[in-house]
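> From TrEMBL, here are the annotated features:
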DOMAIN    8-218  domain 'Major facilitator superfamily (MFS) profile'
TRANSMEM  7-32  transmembrane segment
TRANSMEM  52-71  transmembrane segment
TRANSMEM  80-98  transmembrane segment
TRANSMEM  104-127  transmembrane segment
TRANSMEM  139-158  transmembrane segment
TRANSMEM  164-184  transmembrane segment
Amino acid sequence: MAYLSEIATTIACMGGFLFGYDTGVISGVLVMPTFASTFGITAEKAADVKGNVVALLQVGCAVGALLINFIADIFGRKKAIMLSTFIFIVGGIMQAVSAPYLSLLIAGRFIAGVGVGANSMLVPMYIAEIAPRKLRGRLGTLWQFLIVSGIMVSYWTIETSDKQWQLALGLQIVPGVILFFGIIPMPESIRWLASKGRFDDARKTMAALRNLPEDDPT
């Protein structure tokens, strides 16, 4: 399949968009009057609530990044990306439906953080292991580009109803679903296949990614 490595990389890099969006969206949500009124956040509690909501995502990111490597080595990069994305989707749903339970929102932020933190480790690894050498640098920068794009999009909040904060938080689920289902037909990491002794599968995958026959000497 022509351009398979580019397609696989682009889909995987949706994880960067998730990271950027979830990092940026909360800054707008926290200052929405409807957010404070929904959760009964008073001026005295505002600083603590904002600190917890923001910090728990980063704590989750650290946990996800530390733990996912073991899963990726055992089950493969694709399955690990699917798992981390599923975790993110669950966290996103928890945030979107959390009203009026602030503890559910905070838990959702942590769980979503585990997902995006895991992907922040997995996706660059996956790109490095499937991208042709001549395209590796260019495709690698796509990860950072989509992080910035996610942050930018997160600032375009919807201000048309009293559910605006739920819409802003709920939108993050969409790219998560795209990544989860989009990565399914994509190839597994060549390096991981070889590390498991699956050399025939690794050769077939490499040929597909390079758009070359399996017996090509190059």
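Cβ coordinates are placed from backbone N, Cα and C, and glycine is handled just like the others.
Remember, TrEMBL labels are computer predictions, not curated facts.
Keep in mind that what you see is a predicted model, and the values were worked out from it rather than measured.
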> Given a Cβ distance threshold of under 8 angstroms, which distant residues of the chain, six or more beyond its ends, lie next to the transmembrane segment (52-71)?
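For the transmembrane segment (52-71), the list is 22-23, 26, 30, 79-80, 83-84, 87, 91, 105-106, 109-122.
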> Can you work out which residues elsewhere in the same chain, 6+ from the ends of the transmembrane segment (7-32), have a Cβ less than 8 Å from its Cβ atoms?
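Distant Cβ neighbours of the transmembrane segment (7-32) are 1, 49-50, 53-54, 57, 81, 84-85, 88, 92, 109, 112-113, 115-116, 119-120, 122-123, 126-127, 130-131, 139, 142-155, 157, 164-165, 168-169, 171-172, 175-176, 178-179, 182-183, 186-187, 209.
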> State the residues, same chain only, that lie 6 or more residues beyond the ends of the transmembrane segment (164-184) and have a CB under 8 A from a CB inside it; answer 'none' if no residue qualifies.
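Contacts with the transmembrane segment (164-184): 8, 11-12, 14-15, 17-18, 21-22, 25, 28-29, 32, 34-35, 38, 78, 81-82, 85-86, 88-89, 92-93, 95-97, 99, 112, 115, 150, 154, 157-158.
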